[in-house]
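According to TrEMBL, the GTP binding site annotation covers Arg46, Arg100, Thr135, Lys197, Arg300, Ile301, Arg302. As annotated by TrEMBL, [4Fe-4S] cluster 1 binding site applies to Cys53, Cys57, Cys60. Taken from TrEMBL, the feature S-adenosyl-L-methionine binding site covers Tyr59, Gly104, Ser159, Met231. The domain 'Radical SAM core' annotation in TrEMBL covers 37-264.
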Amino acid sequence: MTETVIPIFDLRDHRYRSMTPSIPETLLEPSGLVADTRARPLHDLRISVTDRCNFRCVYCMPKEVFDKDYTFLPHSELLSFEEIERTARLFVSLGVEKIRLTGGEPLLRKNIEKLVEMLARIETASGKPLDLTLTTNASLLARKAQSLRDAGLSRVSVSLDAMDDATFRRMNDVDFAVADVLHGIETAQAVGLAPIKVNMVVKRGTNDAEIVPMARHFRGSGIIVRYIEFMDVGASNHWQMDEVLPSTEVVRRIDEVFPLEPVQANYAGETAERWRYRDGSGEIGVISSVTHAFCGDCSRIRLSTEGRLYLCLFATEGYDLRALLRGGYSDLQVSNAIAQVWQGRTDNYSEQRSNPAVRQARAERKIEMSYIGG
Ligand code: SAM
Ligand code: SF4
Ligand code: SF4
């Protein structure tokens, strides 16, 4: 691999550290199955379509960093829809069956429906429709739900961190109201973007009092709340272990009020551990990224807004796929280069997080969640 460090804005900004993947000498037709060094298949592609967002969630884009002087990517740097579609097709030929659009806030990307329409036409290597979904803060969802559905989106995940309006406004830090998110969710449900999942990042001392109210609000609605442990992604959110509320505690608190029982995972590699209400009023999920590493089953790869590939949410360096997409290489050459990158993958940061030396080595260099998507 040749290393290219592109000095576009600020060399301290690790968004731009990347290596250009090399093209293998022997090219193989993609077989729909590629595995990394731990035999983990490539199953799930997350595509960030913008690094911008209209929220400033305290755990993701704190205002003091993402202020008016912060340099977001210029439009000319972004992958075009045609480039994203081509990349998606190549990934599908390597075994990807699920694509999630994310960001930043994906609904801020102009004409996102057009991209959804292009991706919805892709079939998996075994001829099934792609599982195409999107994660959003729902600020534009009421306006866009119908057109997204018409474009072929299967379902959405919505982020909402509290039922209490004052707590939520403090967490999104742009004074956005809970009622407006709920309106987005209702509209998405009405147009058939289901099943809807609601993601709540739990920060001890900030919104953990909202765990039970969230469960109370959504049980019986068909909507699954997923409680996510606050993670040490990026370098700007001042993560502290004592602000992580373990998922076992989330389950204990809900079970005390609404008794729960465990449910089997839908498939190997599912990030959420599933629980259902014993009275049959639905289920919840907990994502224990910090207290219970699931690297052993991690089949996810991430594509940034300007075409860098990241093998792990906690990576410090990406692979410059855009250089290949714009370099005149054939589909076969690019898919073989991607396969080679995946085959060399060793990532397992969450399994090593408890080692202070590992944490320290990456502390200032991890990519931001708003850049790479959740
Ligand atoms: N803006 C969209 C949204 O909020 O749904 C999509 C992008 S956002 C980066 C994707 C997910 O990452 C959201 O559900 C968000 O709550 C989650 N997230 C961001 N920072 C996090 C952190 N430090 N720990 C855990 N989850 C985080
Ligand atoms: Fe924006 Fe989503 Fe990050 Fe909140 S979590 S700041 S909505 S990208
Ligand atoms: Fe996957 Fe990296 Fe998270 Fe482990 S730490 S589950 S390898 S994204």
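Cβ coordinates come from backbone N, Cα and C, glycine included.
Features per TrEMBL, on structure.
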residue : record                               : contacts (Cβ under 8 Å, 6+ apart)
Cys57   : [4Fe-4S] cluster 1 binding site      : Ser159, Asp161, Met171, Asn172, Asp173, Val201
Tyr59   : S-adenosyl-L-methionine binding site : Met171, Val201, Lys203, Phe230, Asn237, Trp239
Cys60   : [4Fe-4S] cluster 1 binding site      : Cys53, Val233, Gly234, Asn237, Glu368, Met369, Ser370
Arg100  : GTP binding site                     : Asp44, Leu45, Arg46, Ile47, Thr133, Leu134, Thr135, Ser157, Gly373
Gly104  : S-adenosyl-L-methionine binding site : Ser48, Val49, Thr50, Asp51, Arg52, Cys53, Thr305, Ser370, Tyr371, Gly373
Arg300  : GTP binding site                     : His43, Asp44, Leu45, Arg46, Leu313
Ile301  : GTP binding site                     : Leu42, Asp44, Leu45, Arg46, Phe91, Val96, Leu309, Tyr310, Leu311, Trp342
Arg302  : GTP binding site                     : Leu45, Arg46, Ile47, Ser48, Leu309, Tyr310, Leu311, Leu313, Ile372, Gly373
Confidence summary for the domain 'Radical SAM core' (37-264), mean pLDDT rounded: 96
Other C-beta atoms that fall within 10 angstroms of the C-beta of Ser159 (S-adenosyl-L-methionine binding site): 23
Entries of Arg46, Cys60, Ile301 (binding-site residues) sitting next to ligand 1, with Cβ under 6 Å as the cut-off: Cys60
Neighbourhood of ligand 2 - binding-site residues from Cys53, Cys57, Gly104, Ile301 with Cβ under 6 Å: Cys53, Cys57, Gly104
Assigned element (helix, strand, coil) containing Arg46 (GTP binding site), judged by DSSP: strand
Cα separation, Lys197 (GTP binding site) to Met231 (S-adenosyl-L-methionine binding site) (Å, whole number): 19
Listed in sequence order, residues with CB under 8 A of Lys197 (GTP binding site) and six or more positions away: Arg155, Val156, Ser157, Val158, Ile223, Ile224, Val225, Arg226, Gly285
Other same-chain residues whose Cβ falls within 8 Å of the Cβ centroid of Cys53, Cys57, Cys60, the recorded [4Fe-4S] cluster 1 site, in sequence order: Phe55, Arg56, Tyr59, Met61, Phe66, Glu105, Asn137, Asn172, Met369, Ser370
Number of Cβ atoms other than its own within 10 Å, given for Thr135 (GTP binding site): 20
